[in-house]
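Chemist: Provided herewith is a single structure, encoded as structure tokens, for subsequent inquiry.
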Amino acid sequence: MEQVFKTELNGKEFSLRAGKIAKQASGSVIVQYGETIVLVTAVAAKEARDSVSFLPLTVEYQEKIYAAGRIPGNYFRREIGRPSEKETLTARLIDRPIRPLFEKGWASEIQVIATVISTDKENDPDVLALVGASAALQMSDIPFAGPIAGLRVGRIDGKFIANPTVQEMENSDIELVVAGSKTGVVMVEGGADVVSEADMLEAIFFGHQAMQPLIQLQEDLKKALGKEKRAYTPPLVDEELMAKVVELAQDKIHTAVQTQGKFERVKALDDVRTEVIETLGEAFADRINEIKSMFGDLVKKVSRKIVLTENQRIDGRAFDEVREITCEVGVLPRPHGSALFTRGETQVLGVLTLGSGPDEQRIETLNGNETRNFMLHYNFPPFSVGECRRAGGPSRRDVGHGNLAHRALARVLPDQADFEYTIRLVGEVMESNGSSSMGTVCAGTLALMDGGVPIAAPVSGIAMGLVSDADNTVVLTDILGDEDHFGDMDFKVAGTEQGITALQMDIKIRELPKAVLVKALDQARIGRLHILKRMLATLEIHRDKMSPYAPKIITVKINPDKIREIIGPGGKMIRSIQADTNTNIEVDDSGLIKIAAENQEDGEAAAKIVSDIGMDPEIGGIYEGEVVKTTDFGAFVRIKTGTDGLVHISELANHRVKKVTDVVKEGEVIRVKVLEITRDGKIRLSCKALEEEEK
């Protein structure tokens, strides 16, 4: 029997339905807002996996093209292949806030699948899927410390809006997805048109308040349809064995974790672990994995204690201190812009490539086909962390990090009308020890400036961390990879000197107090301004000239009625122009022609041909043209591509001409003046009139 639970959000009905569809799943919910509908299911395996050191959670988000009343445009006419970027990002958006809410030590596989089955093209299904994931877990038999909810926050004309439509978001200066529980925020992700920390905090707190009815809705759902949760007892810790590990390793770990240098620290800890295993291995030969797990837990505990009770960081920095920074620009000769940004043991090579319209990315989405003229790709090869493993395509993490850096920089790029290039940035992570995504933002900014892209303002980014217990809370600036591992928060903030352009916050604790959020943002502002100062010391403003290897783009405006002539029958004319001039030509219905060439000479040659075709001859106009044919009565002169006029023999010179070829020959280029254009389009030309005019 289906039951429906409803509330109102931003003047529209928001509903959860359960009990009718996908009843064999542990939890199944249909979320509807407007005419956008998402089915979300949650299932957990009955048996636990052996020796699992992480939560075996998988989140999938699928957008069915039929949801928009369309047939997929690929050859097979069905959804195939790897998930789209939007699907990958939304799966991460769901995964990150729910992951900390499962029982510690849970080892049975959990799978959450969100499927978009209807879309009205107004209400984005991603936040509906997030709410649905929590709701499905709430009503399932899977232990889950929810509920949480999520929604999008926009701001139009200074007014905050909860779950604005896709159309409303076009006029919003903030786009923020906030996830939270009844009492606190658990995840934040979004971008903004350079807004202050105070405005961003206000947006986050507005979102948290606005989502409360969605949390209540889930509580009502659980009360009515919730299944009894599985009995689960976290794995018991052998206190006697743990005591032996502590006795053997605690003091040595305390020294080892404070070893300077990432690999030196890793080696020092490996040496201690090896010693512990060798000492206990004979007596506990069948429990080596358990000893390794205990050792890892002890490393975290000792590292946290150093921060919380000894007021120190493991690398000796102050809590608000940024690692040493070096910046270089112009490090690669042929790409159109490049920069090497190094912060501590994190290093990113930023590479800029400029292209033209055909280089834009074309994407099939639920809302139709879209194009993107700015792309940012993030690569994290195994050598960047000293590992030897398969180097495949981009992972979910790579896509997510690239998207965050894209958000940070997209807000400062010039309008396409002012800068007609397609822009591709690549962040190649050369070394990583914390916050390579923010390193990509910094390297990307410098590469753009090195390439002469007129950005509105340079952007820098920083990652903040948190270590907290019942008594103490410490916010860390510019966290190491180890601090991310043993800490409670990863909070990335990017922006200009004036404000924030992007941020992303994930936590490992159940919720984040408001006071900590305020402190983290304020401390992040100080840190990223420090980084920005170091960047500007290398390159203060974008270069006034682009790379000589960047394509040249020339625009020509013609009469729209002439577009057919530019293209020619079956595209013959435009293909001929492109082949002859080694250019790429785009034709807009408005008559705007964009020509992309490898050099100025080719571009100008193509522009001249296009202008010639696109212009209408004018009476009295003077043109330079080629004699294409001579007859007894005159010469035909091509004054533009596809347009010939006749110079009668009497108009060839200001003296009597007996024979046309005595004055002009085929292939000769001459200057002529238009005397007349008849009703049927015939053009009378004259050389004599031009000679008389120039006397």
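Placed from the backbone N, Cα and C atoms, the Cβ positions cover glycine too.
Since this is a predicted model, take the numbers as computed values, not measurements.
So Swiss-Prot says this about it:
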BINDING   ASP484, ASP490  Mg(2+) binding site
DOMAIN    551-610  domain 'KH'
DOMAIN    620-688  domain 'S1 motif'
Chemist: Within a 10 Å radius around the Cβ, which one of these binding-site residues has the most neighbouring Cβ atoms: ASP484, ASP490?
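Modeler: The residue with the densest Cβ neighbourhood is ASP490.
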Chemist: For the domain 'KH' (551-610), what's the mean pLDDT in this predicted model?
Modeler: 89
Chemist: Tally the residues of the domain 'S1 motif' (620-688) by DSSP class, grouping H, G and I as helix, E and B as strand, and everything else as coil.
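Modeler: Tallied per class, the domain 'S1 motif' (620-688) gives 7 helix, 35 strand, 27 coil.
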Chemist: Determine, from DSSP, whether ASP490 (Mg(2+) binding site) sits in helix, strand or coil.
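Modeler: Assignment for ASP490 (Mg(2+) binding site) reads strand.
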Chemist: Is ASP484 (Mg(2+) binding site) helix, strand or coil when read with DSSP?
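Modeler: In three-state terms, ASP484 (Mg(2+) binding site) counts as helix.
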Chemist: DSSP-wise, what's the residue breakdown of the domain 'KH' (551-610) into helix, strand and coil?
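Modeler: Counts, helix then strand then coil: 32 helix, 17 strand, 11 coil.
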